[in-house]
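Q: Marked as active site, proton donor/acceptor by TrEMBL: Lys94. Residues or ranges marked as NAD(+) binding site by TrEMBL: Gly194, Ile195, Gly196, His197, Val198, Gly199.
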Amino acid sequence: MNATFTSGKELEKMDPVFGQLSFDNHEQIVFCNDKDTGLKAIIGIHNSVMGPALGGTRMWNYANEWEALNDVLRLSRGMTFKSAITGLNIGGGKAVIIGDAKTQKTPELMRKFGEFVHSLSGRYITAEDVGMETKDMDTVREVTPYVTGISEEKGGSGNPSPITAYGVFLGMKAAAKHQFGSDVLEGKKVLVQGIGHVGEALVDYLTKEGAQVTITDINEERLYNVAQKYNASIYTGLDLYTADVDIYAPCAMGATLNEESIHKLKAKVIAGAANNQLANETIHGKMLTEKGILYAPDFLINAGGIINVYAELAHYGKAEIMSKTENIYNTTLEIIDFAEKNNCTTHQAALTIAQNRIDARKLENNKL
Ligand code: NAD
């Protein structure tokens with residue numbers, strides 16, 4: 001079990017799929033191509049022991065197809081552990097569509113993607129991720145029932161991002177309780193990197209609690225709008241990893257915790273929504289622990305979104321969504337405690353507990 005962020009050049013040297021560093025016994029990888037709509041997508045089913053593989057679709061302008069493959073391998077694996085640690089009866093999967101969501105996403109392309117999802121007969125169930133909106137899932141729903149995160153008007157659970165943000169906020173509070181002796185974030189300096197769907201909702205929770213919020217985003221227009229709306233400061237320094245803050249919340253893309261950034265970090269707590277924050281989960285998880293930085297595992301605290309979309313499959317309502325999301329607070333404290341007692345990183349602690357659940361389920365399944 002070793003997920004590593006690899007550069008495009010390094011990736012080229014490896015065997016295409018099974019030789020990828022990010023390959024971790026994934027069950028099935030599906031390459032989807034459609035000339036007419038321009039669709040190029042990859043669906044990754046990592047593990048279906050706990051149930052059908054559920055996970056969002058990301059549309060991103062990848063530098064090359066290797067990067068897209070690496071991303072879907074890492075993301076789908078992350079979903080397996082996210083659902084297992086959250087106690088959901090689903091496996092881990094994810095999809096990526098190669099392209100610019102702003103200019104290349106069309107209803108035809110989304111429907112074609114939905115047809116590919118449908119061809120898997122429910123082994124993979126999709127939802128939204130970066131570059132996707134609830135309305136895109138409604139479009140996918142026109143051609144397949146194997147989609148969640150559809151709009152409330154169409155009988156779905158709606159946009160998962162506010163619930164994700166709520167879970168991240170609670171995971172952050174639990175980490176703060178352990179690190180600073182109190183879970184009250186009032187007065188705490190928090191840097192939120194990426195103020196998209198989840199980041200903005202997190203800024204809302206943080207400012208309501210009285211935290212001193214600084215934000216950063218590559219989308220300048222959004223940055224100024226969100227800063228104004230919540231009276232948040234915009235990070236103006238040259239290197240955000242050197243920012244003098246108590247808490248760093250990565251809410252953009254993954255792999256921001258790496259050799260370079262960890263050396264610079266002043267934050268004592270890391271708690272954010274982005275998936276795969278550790279560039280190398282073994283090396284960088286350890287580096288954080290050695291530096292005395294408490295890392296709230298991403299796949300644990302950003303599970304609000306999967307809890308929300310899973311409600312459509314398990315047929316539970318808002319009250320249960322909220323109580324399952326609120327549980328992230330206690331689970332975060334339990335994971336920190338497990339890590340201390342077992343002398344491992346918080347990331348390893350969460351992985352171990354999730355893997356134990358998967359192994360136990362596999363034994364049960366084999367007995368049937
Ligand atoms: P989003 O696309 O709405 O927002 C991402 C934001 O990050 C955008 O505003 C973008 O401009 C910004 N960004 C991109 N690269 C950046 C960089 N280098 N520096 C600063 N800002 C940058 O996505 P989202 O739905 O808010 O998701 C954010 C992260 O959380 C993603 O990693 C996603 O996989 C993860 N996540 C989201 C959900 C969910 O419910 N939406 C659930 C779990 C995990």
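Glycine residues also receive a Cβ, built from the backbone N, Cα and C atoms like all the rest.
What you see is a predicted model, and the numbers here were worked out from it, not measured in a lab.
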Q: Between Gly194 (NAD(+) binding site) and the residue listed as 'active site, proton donor/acceptor', find the distance joining the two CA atoms and give it rounded to the nearest Å.
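A: That separation, Cα to Cα, works out to 21 Å.
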Q: Fewest other CB within 10 angstroms, which one of the recorded positions Lys94, His197?
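A: Comparing Cβ neighbour counts within 10 Å for the recorded positions Lys94, His197 gives His197.
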Q: Fewest other C-beta atoms within 10 angstroms of its own C-beta: which of the binding-site residues Gly196, Gly199 fits that?
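A: Lowest Cβ count within 10 Å among the binding-site residues (Gly196, Gly199) is Gly196.
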Q: For a Cβ distance below 6 Å to any atom of ligand 1, name the recorded positions from Lys94, Gly194, Gly196, His197, Val198 that qualify, or say none.
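A: Only Gly194, Gly196, His197, Val198 qualify.
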Q: Going along the chain, which residues six or more apart from Ile195 (NAD(+) binding site) have their CB under 8 A from its CB?
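A: Residues satisfying the criterion: Val203, Ile215, Thr216, Asp217, Arg222, Leu223, Val226, Cys251.
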Q: Beyond the listed site residues Gly194, Ile195, Gly196, His197, Val198, Gly199, identify every same-chain residue whose Cβ lies within 8 Å of the center of their Cβ atoms for the NAD(+) site.
A: Ser161, Val192, Glu200, Ala201, Leu202, Asp217, Cys251, Ala252, Ala273
Q: Cα distance, the residue listed as 'active site, proton donor/acceptor' to Gly199 (NAD(+) binding site), nearest Å?
A: 21
Q: Among all the protein chains here, how many other CB atoms are within 10 A of the CB of Gly194 (NAD(+) binding site)?
A: 25
Q: May I ask which residues of the same chain, at least 6 positions away in sequence, place their Cβ under 8 angstroms from the Cβ of Val198 (NAD(+) binding site)?
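A: The answer is Ser161, Thr164, Ala165, Val168, Cys251, Ala273, Asn302, Gly305.
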Q: Quick check for the class: what is the C-alpha distance, in angstrom and rounded, between Gly196 (NAD(+) binding site) and Lys94 (active site, proton donor/acceptor)?
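A: Taking the Cα atoms only, Gly196 (NAD(+) binding site) lies 20 Å from Lys94 (active site, proton donor/acceptor).
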